Amino acid sequence: MTAHEVNFDGLVGLTHHYAGLSFGNEASTRHRFQVSNPRLAVKQGLLKMKALADAGFPQAVIPPHERPFIPALRQLGFTGSDEQILDKVARQAPRWLSSVSSASPMWVANAATVCPSADALDGKVHLTVANLNNKFHRALEAPVTEALLRAIFRDESQFSVHSALPQVALLGDEGAANHNRLGGEYGSAGVQLFVYGREEENEIRPARYPARQSREASEAVARLNQVNPQQVIFAQQNPEVIDQGVFHNDVIAVSNRQVLFCHEAAFARQKVLINQLRTRVDGFMAIEVPAGEVSVSDAVATYLFNSQLLSRNDGSMLLVLPRECQDHAGVWRYLNKLVAEDNPISAMQVFDLRESMANGGGPACLRLRVVLTEEERRAVNPAVMMNDALFTALNAWADRYYRDRLTAADLADPLLLREGREALDVLTRLLDLGSVYPFQQTGAADG
């Protein structure tokens, strides 16, 4: 059956700021306390979406979350009105305020893991929400992510959205950022590659930075998504690269159809994995980048592998890259050599995503890939699909509500909370989502 990959990109939230919340993510740590520009950030993301949609790649949007997230502060023992809570936490525990104001839901590669209908035992599209329990600020996301996905993928005859795994370390799940699908045509059955950093009785794990994904979680997600057991491979990421800042597999590898583009040091038993894929995926091609041409540290600094690999109508592939790759002489030299060689990657497109990149999120972090047949695509909430009208409306919405300068101190401003809630209220109507946010359900829009 004919199917296409649709990229659902996360809209950057109104509280996008640099707090260094993500240990193991070196860009996040390096840019801590810098001044951010939320309006520029959301517009950089919108420009990427629109350019790819105009080039013929189906594109949709996933909204940001409510931030600052007052219910989490109430759970932590802060009391009073919303404004009083903001004041108290800013004075007593500013780190908590930064955590509950994180715009990290924009990196929707961590929102869920997706199984196309061609791979599922019941013939439905499955999405399992990620629990993201390695970081407090990300562990807050799952309930609203689930509500948003249910509002986008409403038709239960076509889609199954599963709640996140239990919030325990044993079942740490980071979503599609640790998942690749390889195969031929999108509508044909593929091989799903789940990548983990640790498993309970395996002592091979990183020493410096945490391994966020467990094998136990990957196996549970594969079961929930009803992936045909004959079409699954579980592989461990190289713990040494995790310790060099590769906190998700999509920082060191990206796949599309029959191609796996990765660093030669990406996986723990890479030769074995490559041979497995070669026997199970027709026409499989591994493009392994040698350390002699691009070091792991340069790959992390430029996010070479946090790129999008997209199929064009003629069968060739486009590599969508952050500007940092172009700015690095060695990486850019390698890339120009790559597209000149005999492989499906024949073109590159560079985007300026510096606001997201400074927090450790490149092009691939910002998107959730969902393979859909024409019938399934028609069943998606049409209001989230990118087109000229939506692009214009979202830019006007951003101009109205987003600030062009934000510091950690600004997070305590009760006006920012009100602006955010009003903006999301408008956005849910624009995208026909219903009342997906807690403030809409409790009638707390006025604080």
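Quick reminder: no glycine exception, Cβ is built from N, Cα and C everywhere.
These come from Swiss-Prot:
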type: ACT_SITE; residues: Glu174; note: active site
type: ACT_SITE; residues: His248; note: active site
type: ACT_SITE; residues: Cys365; note: active site, nucleophile
type: BINDING; residues: 19-28, Asn110, 137-138, Arg212, Asp250, Asn359; note: substrate binding site
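Taking a C-beta cut-off of under 8 Å and a sequence gap of six or more, Asn110 (substrate binding site) has these contacts in its own chain: Ser104, Ala130, Leu132, Arg138, Glu141, Glu174, Gly175, Ala176, Ala177, His248, Cys365. Local packing around the Cβ, expressed as the count of other Cβ atoms within 10 angstroms, is greatest for His248 among the recorded positions Arg138, His248. Counting other Cβ atoms within 10 Å of each Cβ, the recorded positions Ala19, Leu21, Cys365 show the lowest value at Leu21.
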